[in-house]
């Protein structure tokens, strides 16, 4: 941070900055207090672990979405992508049982394929938006439909189930703990840290922000706009693949309803976290908090009878709208002061 | 105060207006008035408070203290441009047209004519066509705004204001993006508006134009009212002097022409690209080469093609004698060739960001250490840039979009210099910038050339190109029609080439 010059400007700006960075954290804190007041078991170790584990899927995908959105894009296909990757992983692993057996090798093969599929799917989204010059919204709306129908087709309208013995081998990836934390949480933490460093501490992150702010400026500033934008979709695909790898052992199956509406939850987490939907400003930390907030709401509703669990979507929706409304308010205030 | 006797006739009068933003005062008790049928020019350096005063007069800002008197009555103008309904129209520098709509739709935006509940397109079309004809514009009411040149857009804005029966027309640097011929046409319109009794407030950095078109001139400096005088009582020099508050000698630095036998760093042969037709030229080490011509004559297109921003169809570019073809800006940058755009706000700077990320954006790979951004080095670079180019910002955390045009331009120069280029192409180096900053920028350019850098200056301002450049290439319709140097480097000669009255065979 720079602090050599003290101008009146700065004092008026501080509350905004504070609010923007701390807003999601305060919201999460308030939710936790509410949860504890409703039911002290909310803060039990078991529940916290459960909460973190469940946040991991959306959280990991949302880290990828932060890059896409910061660079001015959008990816609606992530939920369907997760489903189709899960389906293909299961098919590949099941058919590898004959040659590789039901050991770790098959699982590693499945995970490897997942990563490759994720990167490939991301690349397709990126290629079509940049070289094809089609709006990201349309491209990913298209691939969303394609991925979703593919998984239904592979499952023949039903469910793809992982070989029973393989489930036993793969199970720990979701259910085991390392140093007191479940594996998915470790993956989440790793992805979050890597994402934070990439966005805030590398030239790539700066390029994403610049492109999201103004593609024309980025182009004139020697940034390879198409390439960087494609990378953001590839990162998104990679994140979806990682999320899928920890998701598959949870149920050991995939169907046409796997990952439904994940794209909206991921985008919501990003926006609640303070990233600007039209691009140019992204916050990984905020995204993590956003994912935690969304899961926490559902979790609290499970703990109480005051509000029906069926209203989970309503609560999430309200939180999203309020969060964005608060951010707008401070943007507006900011503008009035500086122009 | 001279306005006591005129205040009866004033259509719009500002009485001891002050304005602060937060705790930062911008205007100090400024008086200003404009009468029907006069052009009142408002001049001052960047940051003098012209824009703020204009926005107060147009109702976009409320004054912190002081009164606005409209038609003799104290008025509080409605915000956000609603003052248009009262007959006060402000034409912004960034034109306010819906790009994807047609000329007709824009002119009637918000006041569409209708018959039986349906749009009366015929009637609107006819009206717009007759207005366009009146101003001598050769465009159709059905043309999309996005297809028009900036000058044409400007005229559409004026037609729009005229169609709204504006009584007070406030224009923020309307001629900044116009060529001389277009400016002439524009002034004819202003004269017509004057005859109709419209009160016109005209903000410009081009003092010669002020001298030509204005009846009275008000000078602001640092938010203070300096003087309001009839234009014939002021010379260009005295205007400039009052604006700057000091003697302005040596607007242009002395020319130190490059040796005739110094190395040729850039050679272009028979280049064909979009809007560029068979262009050849060469640039020597330490030379300042000007590119003059009308807007749209292919100057920008030529250098965008050379720098990898658009594709080269034919021809060859040699850098130090080696053939090169840059596929993108990054390759050009790595070879030491950088292009500084004329579109500061759209293509030059990230307006929502602060100075630091803007400064280092183009040379970002230089600021990477162990795959991470080296923020300390960036901070160092910012300090260097601020010192070297005299960038004056209230606070390093201020958004670049809130900085004055002059400071933005200096930041853009600093940004380009971070790439350590050997060849710099500067497109319209001083567009919309006050005299004091212009002088600084001219000296920066001269200093770069003296350091052995080769500079290309693309400019539509004739005095600037003559005052700064060693040699001037004149373009017309995508071709170089002549190169002037030495005594031939004068306005008449350049205009003859630019207008197509004269053409030399140019060998690369």
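A Cβ is built for glycine as well, from the same backbone N, Cα and C atoms used for every other residue.
Feature transmembrane segment, per TrEMBL, maps to range A:175-199 of the set A:175-199, A:200-224. Contact between the transmembrane segment (A:21-39) and the transmembrane segment (A:175-199) does not hold: fewer than three of their C-beta pairs are under 8 Å, each pair 6 or more apart in sequence. Outside the transmembrane segment (A:175-199), and at least 6 residues removed from its termini, the chain residues within Cβ reach (under 8 Å) are 49, 52-53, 55-57, 59-60, 63-64, 66-67, 70, 205, 208-209, 235, 239, 242, 245-246, 249, 282, 284-285, 287-288. Here the transmembrane segment (A:230-248) has long-range neighbours at 56-58, 60-61, 63-65, 67-68, 70-71, 73, 75, 78, 81-82, 85-86, 89-90, 110-111, 114-115, 117-123, 125-127, 129-130, 162, 170, 173-174, 183-184, 187, 191, 198, 204, 208, 254, 259, meaning same-chain residues at least 6 beyond its ends whose C-beta is under 8 angstroms from one of its own. Within the chain, the transmembrane segment (A:260-277) has long-range Cβ neighbours (under 8 A, six or more residues past its boundaries) at 20-21, 23-24, 27, 57-59, 61-62, 64-66, 69-70, 74-80, 82-83, 144, 212, 283-291, 293-294, 316, 319-320, 323-324, 327.
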